[in-house]
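Visitor: Please see the structure below; I have some questions.
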Amino acid sequence: MTTFDYDQVQLIPAKCIVKSRNECDTSVQFGKHRFKIPVVPANMQTVINEPLAEELARQGYFYIMHRFNPEQRLDFIKHMNAQGLYASISVGVKPEEYDFIRELKFSGERCDYITIDIAHGHAQTVIDMIQFIKQELPETFVIAGNIATPEAVRDLENAGADATKVGVGPGRVCITKIKTGFGTAGWQLAAIRLCGKAARKPMIADGGIRTHGDIAKSIRFGASMVMIGSLLAAHEESPGAEIEEGGVLYKEYFGSASEFQKGEYKNVEGKKILIESRGSLFDTLTEMQEDLQSSISYAGGKDLAAIRTVDYKVIPSIYNGD
Ligand SMILES: NC(=O)C1=CN([C@@H]2O[C@H](COP(=O)(O)OP(=O)(O)OC[C@H]3O[C@@H](n4cnc5c(N)ncnc54)[C@H](OP(=O)(O)O)[C@@H]3O)[C@@H](O)[C@H]2O)C=CC1
Ligand SMILES: Nc1nc2c(ncn2[C@@H]2O[C@H](COP(=O)(O)O)[C@@H](O)[C@H]2O)c(=O)[nH]1
């Protein structure tokens, strides 16, 4: 099979049927809610926090709160419910997470989305957690990952997952490929294509997005939603620590499996980088939406579905994002 990554694919334009890109609808139905764009900021501690999650929900974007302040999750869900906003959190697979799901059930609070977020998601531990959540909270939309193969998509969907999250090792602060020799780094888009062929439910493409055009490419190869870390980190609203160097303001972006997250150097598969601080996250999201409207017009349609059927060329790597 041909293998390729984002920078080796160009989508081929089809005849435009709109008079203005404003006519192109970038919205996506995901679970019981419809969102402005098929983009979700990564559920990482330097990308999202509770105030940003609330603002994203208010403005019609999808978010997934990270799982690294476990004791705050129930209060967060209660707060979102009290505001009439959807709640979307992450869990792991360790025994205390089962206690949390029980606590959530007995609280009577509504949690719209739960993402099971571990490094190697094609695992019996994940299958068990999917089944437990679906048994205890049948109305909750369960996203499970991260995975890399069609077999994993089938196994997690068959276990009851409502969506899967694909991408092992393509992230900007990921060192899984170096430390273990495994993953989809360098062929993430081809992995999305392979997994997309097996998926019968929505799939999230996670990691490796370096340009706004990569969102359209993910959609072309079967993603319903795209998770983005580095491109959405280091904004005014981003929780990463601010650092000034040579008069330039940077923000930290570190991996969820880095020593900075874990507090120790054990099974580390992530690193920390500094990214120059940019403006408001919401300006970037608006620009992503406008670029996606352009993508839809190049696809010859009026909505995201048009992108799914366009032709494409696999080419030598031509674009480095600069
Ligand atoms: N998308 C990606 O490519 C990756 C993402 N991450 C992110 O890092 C965070 C931490 O993930 P994770 O370390 O899984 O979380 P946890 O430590 O909470 O859970 C993982 C559980 O699975 C066990 N496990 C078995 N094999 C592996 C493996 N290869 N890697 C990790 N755990 C394994 C662990 O046990 P034990 O620790 O004893 O082995 C642990 O009990 C998550 O947010 C995850 O998304 C991390 C790496 C890759
Ligand atoms: N291998 C690792 N992957 C990680 C780690 N922390 C997060 N991630 C994954 O990266 C994406 C974001 O990728 P980006 O290219 O958009 O920056 C994120 O959603 C996770 O799946 C880690 O420590 N190691």
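Cβ from N, Cα, C; glycine included.
Pulled these from TrEMBL:
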ACT_SITE  CYS174  active site, thioimidate intermediate
BINDING   203-226  NADP(+) binding site
DOMAIN    5-309  domain 'IMP dehydrogenase/GMP reductase'
Visitor: Please check each of the recorded positions CYS174, MET203, ASP206, ILE209, SER218, SER224 and report the ones with a CB atom less than 6 Å from an atom of ligand 2, ordered along the sequence.
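Guide: Close enough to ligand 2 are CYS174, ASP206, ILE209.
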Visitor: Here's one to test understanding: among the binding-site residues ILE209, ILE215, SER218, PHE221, SER224, whose C-alpha is closest in space to the C-alpha of CYS174 (active site, thioimidate intermediate)?
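Guide: Closest by Cα: ILE209.
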Visitor: SER218, SER224: which of these binding-site residues has the highest Cβ count within 10 Å of its own Cβ?
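Guide: The residue with the densest Cβ neighbourhood is SER218.
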Visitor: Which residues does ILE209 (NADP(+) binding site) neighbour through Cβ under 8 Å, counting only same-chain ones at least six apart?
Guide: TYR6, ILE215, SER218, VAL226, ILE228, LEU231
Visitor: Would you report the average pLDDT that the model assigns to the domain 'IMP dehydrogenase/GMP reductase' (5-309)?
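Guide: Reported value for the domain 'IMP dehydrogenase/GMP reductase' (5-309) is a mean pLDDT of 98.
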Visitor: Let's check the environment of ASP206 (NADP(+) binding site): how many other CB atoms sit within 10 Å of its CB?
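Guide: ASP206 (NADP(+) binding site): 30 neighbouring Cβ atoms within 10 Å.
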Visitor: Using DSSP and collapsing to three states, where does MET203 (NADP(+) binding site) fall: helix, strand or coil?
Guide: strand
Visitor: According to DSSP, which kind of secondary structure is SER224 (NADP(+) binding site) found in, if we only use helix, strand and coil?
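Guide: Where SER224 (NADP(+) binding site) sits, the three-state DSSP reduction gives coil.
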Visitor: When you measure from the Cβ of MET203 (NADP(+) binding site), which residues in the chain that are at least 6 apart have a Cβ under 8 Å away?
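Guide: In sequence order, the residues whose Cβ lies under 8 Å from that of MET203 (NADP(+) binding site) (at least 6 apart) are VAL153, ALA163, THR164, LYS165, VAL166, ILE192, CYS195, GLY196, GLY222, ALA223, SER224, MET225.
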